[in-house]
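**Student:** Have a look at this one before I ask anything.
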Amino acid sequence: MSKFIEPSVEEIKLEKVYQDMGLSDQEYEKVCDILGRQPNFTETGIFSVMWSEHCSYKHSKPFLKQFPTSGEHVLMGPGEGAGVVDIGDNQAVVFKVESHNHPSAIEPYQGAATGVGGIIRDIVSIGARPINLLNSLRFGELDNKQNQRLLKGVVKGIGGYGNCIGIPTTAGEIEFDERYDGNPLVNAMCVGVINHDMIQKGTAKGVGNSVIYVGLKTGRDGIHGATFASEELTEESESKRPSVQIGDPFVGKKLMEATLEAITFDELVGIQDMGAAGLTSSSSEMAAKGGSGLHLRLEQVPTREPGISPYEMMLSETQERMLLVVEKGTEQKFLDLFDKHELDSAVIGEVTDTNRFVLTYDDEVYADIPVEPLADEAPVFILEGEEKNYNTSKNDYTHIDVKDTFFKLLKHPTIASKHYLYDQYDQQVGANTIIKPGLQASVVRVEGTNKAIASTIDGEARYVYNNPYEGGKMVVAEAYRNLIAVGATPLAMTDCLNYGSPEKKEIYQQLIDSTKGMAEACDILKTPVVSGNVSLYNETKGTSIFPTPVVGMVGLIENVNYLNDFEPQVGDKLYLIGDTKDDFGGSQLEKLIYGKVNHEFESLDLSSESEKGESIKTAIREGVLSHVQTVGKGGLLITLAKLSAHYGLGLKSSIDITNTQLFSETQGRYVVSVKSGKTLNIDNAIEIGLLTDSDNFKVTTPYTEISENVSDIKQIWEGAIAQCLTTQD
């Protein structure tokens, strides 16, 4: 008789306990077919988390297959803890982005902190040392106190974990819109570097080899966290606070260093982070990849308190834990290493040749499941979408007051400087950061070399909402441009697909169309997808977020010497590259004037993107350009103002466009500054101005003139978010 009080197999079926765990009737019946019997309580829980949306991608898997995943530089693509891309000299860059949206909505500090910790462990599990962190965040508007609380908590959580573990946070993006009220998006990305011969895989093979648990003792925190992340947020979500994990960055630091030492041992067979679904996913996935079985003896698992059941052990998402498979007879070597780093560890099982996932506690069997169906045979749902009717009419912007519009856009939190928030992150720890958070991609030197890794993270939610296919292309192209802007060669990307409920036809169609656009852009821009994450059911009280695919992209700088003087100077001429059109659908201007975004916009010419990108990258590396900035949210006038304010330089510009085109967000444009004495040879580059040593920012068109003090612009732009957060308290 079991020492743990749990529902019987009959009660699970009759009372439909499986539904509370997240399994549908159809899925429960499939589990019964796989087992040839009714599952017990622990087995039902295991299937529920492994077949959750968060772990199985059961609504998105068909779309992910569209993405190109191989390329000249790709060493390891989707399927492992993170993607691995060659950077030459027997070195590789390892990177991935993950979401922690639902936990951050309930417990913003811990939700964000554990999101950072989890993505770090994904990189470390490959064997790479992390070199920087990035994040992409979405919140509701800051005139709402709940959104202020969420923003403050998330930023503190990101900084609190990253700063303590000693990894710089070097880039990010934050946007605000009421569509994210109560459902913030917290996407964390980590980048690491590794030598080719140290790359690890999460595999369990070699009959008789031992399974070692290391890290924090297992508690009851985070139980069914993967299932929670696969549900819509409701008024009952607050009661699921225990599903939010608790991070410990100091143990995280010890675990990182111990893991990086362990991978130097030849006796290590495989390693995987215990992330979503905890011990269940890490162990069963390792067995599936190794074509093996596993027998875990759960009484050997280090626990925080007595009485934790097998069900709780397997579904707990206690943080700062890793699972290793090591050669039989070498266990003590690893246990001694972990003891040296003051970490709890234990041998908890072994690899078998049964292809079954067997769990015992004091010799009593609590689960006996075939490995392959558990890990690889979650049902895949192909639903029916419904095309949105796009509004092809044109809004009228002829009545706008240019100066008033300029200042309203400049101080909107989406456009305003994020330094008030980013200054809470350690951007320099490790002393390899070359370009910090600001106007373009970040750049971090590869220690001991003259190479650097450029990284960026970007999203274009309003455009994806207006036209998912074109918006999908745009988000990839935006990340590409941000890497080009620092002279990097884009190598590959990771993605985080944040959407509402796929069971709603319009949202399912958004998934179909946006991933198609993303895949096309990846193919043309030669940026294969090597890792990623899907977060669905991002809804609050029945209202969905904007469809928000986020792209993290990395690029290589072979020699950083050109960055020594890559900063705009007085006397540099300014050029605009790319055409400006009447392009306001999805723009900040449309939202400001009309309160919503629902109009079409110009399609993106991806072949032109590639050609412009190569020309600009060449001009940077040849020392012609002192600065490159992509024209983004708010349009050209806002881009020029941010350039002037960020560097404290005067600016004088004359541009032959209309007043409204000052705020157009036509894609594929760059503002570049050309060094004195240098000549720019790029087709269709138009000279538009000059950087000066005055405090004057002056932009003229045939129809208007904006003339303001740079110091005033800087004060408004840099102070807007702080003002929102302090005056509303």
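Just so it is clear, glycine is given a Cβ too, placed from its N, Cα and C backbone atoms.
Source: prediction; values computed, not measured.
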**Student:** Do you know which of S514, S531, S535, S544 Swiss-Prot groups with S99, H100, N101, H102, R121, Q245, E317, T318, Q319 in the substrate site?
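**Tutor:** Site partner of S99, H100, N101, H102, R121, Q245, E317, T318, Q319 for substrate, according to Swiss-Prot: S535.
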**Student:** Please identify which of Y57, Y463, Y562, Y575 is recorded by Swiss-Prot as part of the ATP site containing K96, D495, G532.
**Tutor:** Y57
**Student:** For H100 (active site, proton acceptor) and D273 (Mg(2+) 2 binding site), determine the Cα separation and express it in whole Å.
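**Tutor:** Cα to Cα, H100 (active site, proton acceptor) and D273 (Mg(2+) 2 binding site) are separated by 16 Å.
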**Student:** Count the Cβ atoms, other than its own, that fall within 10 Å of the Cβ of Y57 (ATP binding site), considering every protein chain shown.
**Tutor:** 19
**Student:** DSSP on D273 (Mg(2+) 2 binding site), three-state: which is it?
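**Tutor:** In the DSSP reduction, D273 (Mg(2+) 2 binding site) maps to strand.
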**Student:** If you run the three-state DSSP split on E317 (substrate binding site), which class comes out?
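**Tutor:** Note: E317 (substrate binding site) is coil by DSSP, not helix or strand.
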**Student:** Cβ neighbours within 10 Å, counted over all protein chains: which one of the binding-site residues E98, D495 has the most?
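**Tutor:** The residue with the densest Cβ neighbourhood is D495.
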**Student:** Using G532 (ATP binding site) as the reference point, find which of the binding-site residues S99, R121, D273 has the shortest Cα-to-Cα distance to it.
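**Tutor:** In terms of Cα distance, G532 (ATP binding site) lies closest to S99.
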**Student:** For N533 (Mg(2+) 1 binding site), what is the tally of other C-beta atoms lying within 10 angstroms of its C-beta?
**Tutor:** 23
